[in-house]
């Protein structure tokens, strides 16, 4: 939509700006690649949210409505630049690249769109050593670089590595691959990743989720950006490669199991960078909130509540009024999540307003990992949300609820908890939950105080092993929970004797000795906030708390701002 608006304004004013007066699209750098292709880039600047390139070769644009032969949105800067890359076009001296650019820019007040004038790049500066007698920029080069033979290593229990040695001049290494399927031309492939930094003397692509068997074939091609001694940066390919899987190397066994299989010690099991919503790793949790926290939320997958952009996961709660009007919570026909609902109980998929009990006033989002594991180290780099009665859900939850489905009988590990109210944001908590009573909720809390923990990104971690659960922030341990001599069953015995009896069947760490999954979401209200918090607009034991909460929206809604969202940069899981 922004692009259409920009085009219309461009047609009217024929200017370089679409809106506002505080940003101009900088001059682009156009660079030819060797032996084929080109890049177009602009420097990164705070506030740029999207860069789009539209181009043609040897054909001029006649209208801003013409997207061109080359048309792509770039949603993330790399190495300080927003870069469009083509790796297929062959040029000769005199060729013209005609193009225009579009940028989404956030000036701190709102996000605006800017479109450049039509621009032109002429292939005049083709170095003499790259020309043949026809004038093509593809002839032999005294500084020519050959992509070396890669090293390929099959990992256990899953995955593989492809690497090349580092050497002076290599700036980027890209791997494109498929399993048991050859390439049709220069496709991106099932595996497609740019590696921008060498580690331990090698440029390495790593996959840790693919199960490979002897006889499987990895089809692949490689690409390298190389800067020669003259300072010229060119791109080089190694195409039509394949590798047949033989035997699998051994590893030191870990206490960690991943999807039921024993992992290798210190193995990286999950590396989620959120370049897209990866349905191999995650599913949307779609349901009404219920026991045991009864938060005032419907978890849905609407893009206003949950989306992946710019290499990050964004989850934001919104008022149901904004989507369906102020009468939504009183609906007698109710709201049905339909076949997309992931709950096991019908009441968690459809509800109606009956007898004064209303529908939840808030929509939010939550995702659940498809992978499950027992023991390990989990790292989540995230920026926590602000806003009254909002809280992040960065959790380890039971896969099968083997010790019971209600009242946290099977436990929960909260990797990071922070109330979004202004007077709560200086106390970060890591905690375990063993029940819903005051004693079982508060037994396993570790905390650290400081400045507002939601002002910036932090690395939240937990190390979960058979003897203890330890919590970290920015690699600093701030709490460890060790079960008492008779196990956690002794903690819940008075409040939940039946649950305590079930826990005695497990280890001292029970219920935290079974497979768990990762959940990431945002909750609002409910029993998570104790009644002792000042100015709380409802109590946990009253009959209609979410109606009372909704009617008090004038007191809490003004605190919900652009920062009232959970932003997750990455999630990693390592074996012990």
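Placed from the backbone N, Cα and C atoms, the Cβ positions cover glycine too.
What TrEMBL lists as signal peptide is 1-20. Per TrEMBL, domain 'CBM39' is recorded for 23-128, 145-250. The annotation domain 'GH16' is assigned in TrEMBL to 271-576.
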Summarise the model confidence on the domain 'GH16' (271-576) as a single mean pLDDT, whole number.
96
Secondary structure content of the domain 'CBM39' (145-250), with strand meaning DSSP E or B:
0 helix, 55 strand, 51 coil
Number of helical, extended and coil residues in the domain 'CBM39' (23-128), per DSSP:
1 helix, 53 strand, 52 coil
